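Trainee: Swiss-Prot lists these features:
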DOMAIN    2-159  domain 'Obg'
DOMAIN    160-340  domain 'OBG-type G'
BINDING   166-173, 191-195, 212-215, 292-295, 321-323  GTP binding site
BINDING   S173, T193  Mg(2+) binding site
DOMAIN    358-436  domain 'OCT'
REGION    434-479  region 'Disordered'
COMPBIAS  451-468  compositional bias 'Basic and acidic residues'
COMPBIAS  469-479  compositional bias 'Basic residues'
Amino acid sequence: MPRFVDRVVIHTRAGSGGNGCASVHREKFKPLGGPDGGNGGRGGSIVFVVDPQVHTLLDFHFRPHLTAASGKHGMGNNRDGAAGADLEVKVPEGTVVLDENGRLLADLVGAGTRFEAAAGGRGGLGNAALASRVRKAPGFALLGEKGQSRDLTLELKTVADVGLVGFPSAGKSSLVSAISAAKPKIADYPFTTLVPNLGVVSAGEHAFTVADVPGLIPGASRGRGLGLDFLRHIERCAVLVHVVDCATAEPGRDPISDIDALETELACYTPTLQGDAALGDLAARPRAVVLNKIDVPEARELAEFVRDDIAQRGWPVFCVSTATRENLQPLIFGLSQMISDYNAARPVAVPRRPVIRPIPVDDSGFTVEPDGHGGFVVSGARPERWIDQTNFDNDEAVGYLADRLARLGVEEELLRLGARSGCAVTIGEMTFDWEPQTPAGEPVAMSGRGTDPRLDSNKRVGAAERKAARSRRREHGDG
């Protein structure tokens with residue numbers, strides 16, 4: 001069973017809004033109480049929240065489907081439905097959210113950072129909210145909108161100050177275990193490290209984190225070996241350290257060629273974040289070189305031989321042995337100083353304020369195009385939303401939809417394009433036979449659907465009239 005997962009594809013479905021209620025107020029001595037249907041509750045959204053106690057995306061590996069609660073339906077007596085609860089999902093710090101096309105949606109850094117992955121649908125209006133001066137007793141209500149549904153890719157990019165890179169079996173895991181309390185798996189065969197290992201290193205009053213990235217080989221930036229899957233974990237590292245095995249017996253390898261090969265792979269790799277968080281490109285990050293395994297006599301000689309050549313590149317060079325712990329303290333304090341210098345030299349990242357992007361107010365645009373089969377297709381945010389809100393089992397609701405489309409100008413545009421009575425018109429997922437409200441060329445008269453003529457009448461039978469009527473019925477019965 002995998003213990004560390006740093007890339008998953010998940011399926012999110014926010015809650016749908018509740019349906020509005022169509023009801024009439026019923027109360028003693030109030031025969032015409034009017035509409036009192038409540039609105040439906042909004043659907044729950046799916047929100048990612050950064051939790052420092054979460055370190056992997058393993059939970060999403062086994063449960064990739066996330067569904068939020070839907071809103072409750074409205075009820076009579078002007079009672080609105082309850083809103084669906086938001087589904088808050090905990091993710092590790094450093095999680096990057098990508099859409100289906102690979103576009104970056106969010107870079108979640110910092111405890112408590114939130115991102116709305118899928119928005120809940122709006123609740124439908126009840127007939128009380130639909131009542132107006134000309135529509136005093138609507139016999140229908142609007143349906144709730146569907147919640148947002150989409151597939152997302154989550155990638156975890158480790159947050160560490162120092163990233164250790166090197167060929168397999170260079171001693172990176174041994175170095176992490178020697179300078180920190182981390183206990184990574186260590187063995188004498190290549191690719192022992194299959195997941196990044198993090199360790200916290202203390203340097204006097206300061207502390208920093210070190211990430212051990214699985215071994216790289218030539219072509220890692222193009223997907224060879226394990227490098228492409230784990231190179232993303234060094235994107236956030238402030239300092240990159242080349243760990244070189246000076247005791248290797250492989251032909252054609254030496255410290256200089258190993259460093260050049262690693263630099264080639266780093267130069268070919270394109271980070272997803274593109275210098276976000278003010279870290280800059282990988283090529284601009286400070287470097288250090290660790291010549292490892294100098295406890296072997298031949299390795300010590302080789303390290304001393306190439307040390308000056310590497311130092312000419314302007315990189316600090318440390319000759320260490322994780323087996324005997326030789327020169328580990330100079331390495332620890334040297335890396336701590338490099339991190340401090342780099343952080344002091346780079347510009348201070350200005351905290352980004354949360355950006356609220358409201359739903360566009362002007363969504364009245366629409367297009368009408370022939371479908372090639374004698375029908376027409378109407379596209380537009382507002383008409384498609386109205387279709388989803390309409391209960392087609394209610395004739396009055398369908399009439400209300402026709403009025404809304406006519407006011408928007410859809411009927412006029414269909415007539416202009418030569419639409420005839422009975423032709424197929426598709427809006428969203430609904431296809432129906434179109435019937436114009438008025439003949440072509442005549443103005444569209446907006447009817448007050450949902451009106452009740454009894455509400456406009458003041459003719460009510462009083463107590464005296466009812467008493468007289470009872471007397472007449474008695475007399476008629478006696479006769």
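Glycine residues also receive a Cβ, built from the backbone N, Cα and C atoms like all the rest.
Keep in mind that this is a model prediction, so the values were computed, not measured.
On this model, are these features tucked inside or out on the surface, and what's nearby?
Mentor: Summarising the environment of S173 (Mg(2+) binding site), the number of other Cβ atoms within 10 Å of its Cβ, over all protein chains shown, is 25.
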Trainee: Of all the binding-site residues given, K172, K293, which residue's CB has the most CB neighbours within 10 A?
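Mentor: The residue with the most neighbouring Cβ atoms within 10 Å is K172.
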Trainee: May I ask you to report the DSSP-based helix, strand or coil state of K172 (GTP binding site)?
Mentor: helix
Trainee: With every protein chain in view, how many other Cβ atoms are within 10 Å of the Cβ of S321 (GTP binding site)?
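Mentor: So the Cβ neighbour count for S321 (GTP binding site) comes to 23.
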Trainee: Would you mind reading off the Cα separation of P214 (GTP binding site) from S173 (Mg(2+) binding site), to the nearest angstrom?
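Mentor: Taking the Cα atoms only, P214 (GTP binding site) lies 9 Å from S173 (Mg(2+) binding site).
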Trainee: Around G166 (GTP binding site), how many other C-beta atoms are within 10 angstroms of its C-beta?
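Mentor: There are 25 of them.
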Trainee: So among the binding-site residues S169, P214, who's got the most Cβ atoms within 10 Å?
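Mentor: It comes out as P214.
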Trainee: From the Cα of S173 (Mg(2+) binding site) across to the Cα of K293 (GTP binding site), what is the distance in angstrom?
Mentor: 13
